[in-house]
C-alpha cells in the first residue's frame, strides 16, 4: 500500500473533522494548503478508486493518474470524512444536466353528494374537484451539486421528487424532463438513477455489511469478481461512516440494532452501490437529530462530488445543512416561490420587501413567511409572481456565468462516465440506441434467485422463533388429534371418527399456512423498492421464495404425519403413510401458495387474516365433509370444485377406504347408529333372521354389510383417483404462485396515477 501511495499524488482532504475545508498538498513544501473555494476540481468514483488499487497490485511499475488515499485519523468520524480528489486535468468534460420544464400534475378528488350543490356534479350525483399538486415547475440540476426541494407539508415536495424519478404515470404528468437535452427514457433511467424512500426498508436481522453486500450482488454485474464487490462494499462503508457499525444488525422493534442515522445511511448505501448518475431522496433527514441529519447530508455531498446529481426533498434544514446545499426550490401548494442558490435568498426576500434579519436562519425565515402568506386571503400569489419576475431578471446573468459544457450528447456523457468507471453496472456495446446499450438487469435470473434465497435464509435463520412457532402449532395440533383419535376401530363409529379426523387434519394444514401473510407484507415495500430500479426480476423473487419454502414444508409435513398416522391407526402400512405424508405436503404447498397470493393482493395484515380465515372456512364447508357432493345444490357445485380442501380430503379418504376386502359394518353393527342399538344382542340376532327371510339373503352377525368402497360411494367420492387428487392439489399450489407473480407484476408498479 505504501508503494501505491508513493505513486499516487496530489490532492486530499485532511480527515478528522467534518467541517474542515478541502486541502491540497504542496509538492514542494509538502505542507497542506487550502484550496480556493471556486477552484474546479474533479472527484473520483468508487470504481476509479477500485480500478487504481487493483492496477497498483497487479503492476507496481505502471504510472497512473493521481489518486491519494488518506488514512483515517479516527475510526468512524474520520472515515466518514475521508475523501479523494484528482488533478484538474482529469475533470470530466461531460457534465450531466437534468432539466425539467413546466411540470404539472393534478389529481381528481371526488367528494360526497351535496344536495345543496347546484352545479359541478358528476352523473352519479357526487361533485368532482381537481387539485393541482404541481403547477408549471421548472428548474435544472447539475452534476456535482445537491438540489433541495423545500416547503411545508402538502406543498408538493415528494410529488416533485416522484415526478423527476419517473414515479408518476406519463399520461398523468405534463411537462418535459431531459438529461443533457434528451428525453430520459424509463428503462435507461432505471439503470442510471436510484431512489431512496423516506422510510428505512431493510431486513432487520442482517448486518450493515451483509445488507450492502447483498445489494452489491444484485446491482453489480456477474463479470465483477466477488473480491472486487467486497472491496467496493468496504469502500462504501467507509464513505458512509459506518465502519464501527459494519458488523451490527439493522434491528427492529424487537431487536436492538444500529441508530436511526446509521440506518438512514445504510438505506442510501444500498441504492448507490452501483454508483448512479442521478440520486433521488425523499426526506433523507426525516426523524433524525441534527447531528445525524448533518452527517447524512455530508454523505450526500460526497456522492454528488463523485460525479452524481443529487436531488432531495427536505422539510426544514439546519444552518449547517444549508451550507452544504447548492440549489434550492421552495414550493407552496404546488407553485414555485423561489428557485436558485441559497446565497441569493437574502437578496430575493430583500427585493420582495421582507428582508431576512441578521443572525436569522434563512430557511426558517423563508418557510415561516411562506406559511404566513398561505394563511392570508391572497395566499402566495404575489410571491409566485415576484419570483417569476426575479428569475427573468436573473436569467441573462446566469447564462453569462454558466461555463459548463452542456452541449455534450447524453450518449457521449454516459460513455465517458462508463469509461472512467462511473457506472460499473452498465454494459456498453456498439448499439446506436442508447437504451439498448445497457442491460436491464445486472445478473441472469438464476444468480438473482440464489442471492434472494441466500438472503431470505440468512434472515430467517436468525429468527428461529418463526419456524419454531409454526412447528409448535403443527405439533400441538398433531398431538391433540393423535390422543383424541387413538387406535380407531373399524366400527360405524370408527368410520365417522375417521371422517372427522381427516376433515380436521386437512383443514388444519391450510389454517397453519396463514402465518405466511405477514411474511410478504413485511417485505412488500422492500420488494417494491428493489424491483422499481431493476435490482432483480419479479419472476426470480417468486421462484426463489417458492423453492426456499419447500424444506420447511417437508419438515412440517413429516412431523405432522409421523405424529398422527400410526397413533390414529390409519390403514395402508408404509405405502399408506407415504401417500398420507405427500398429501399433507401438497396441502401445505397449496395453502402456502394461496396465502402468499392473498398477501400480494391485501396490504393489511389484519384484513389478510380475516380474508384467509373466511375463505378457508368456505373451502371446508364445500369440501364434502359436512354435506356430500350429491347433496350440494347445483348453483353451489362450482365452489365444491374450487375448494382447496376437497382434493386432499378425498385423497386421504381413498387411501384409507380403498381396500375392498376390509369391512367396516357387519351384521349386528347396522343397528349401532339407530335407536335399536341399545337392545340386547339376542334381540339383534332375531331381527337379523327376520330381515334375512324378508330379503332372501342370509345376514348373520359377521356378515359384511359395508366395505370401504361403499363408504366412498356414500361420500360421493367416485370420480377422481387418489393420485389425481394429489396432483390437483400440487397444481393448485403452482397456480397460486403464478397468480402471485402477476399480482406483483401489476400491483407493484409503485407509480402515482
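The backbone N, Cα and C atoms fix where each Cβ goes, and this holds for glycine too.
Heads up, TrEMBL stuff is auto-annotated, nobody curated it.
Feature annotation (TrEMBL): of 577-598, 643-664, 665-686, the stretch labelled transmembrane segment is 577-598. Annotated range for transmembrane segment in TrEMBL, selecting from 605-627, 697-719: 605-627. Stretch with the most C-beta contacts under 8 angstroms to the transmembrane segment (605-627), considering only 500-521, 542-571, 726-747: 500-521. Panel annotation: around the transmembrane segment (500-521), residues 466, 469-470, 473-474, 477, 481, 485, 488, 527, 545, 556, 560, 564, 568, 583-584, 587-588, 590-592, 594-596, 598-600, 602-605, 608-609, 612-613, 616, 619-620, 623, 625, 644-645, 648-649, 652-653, 656 of the same chain, lying at least six beyond its termini, place a Cβ under 8 Å from a Cβ of the stretch.
Averaged across the domain 'ABC transporter' (98-358), the predicted model reaches a pLDDT of 85.
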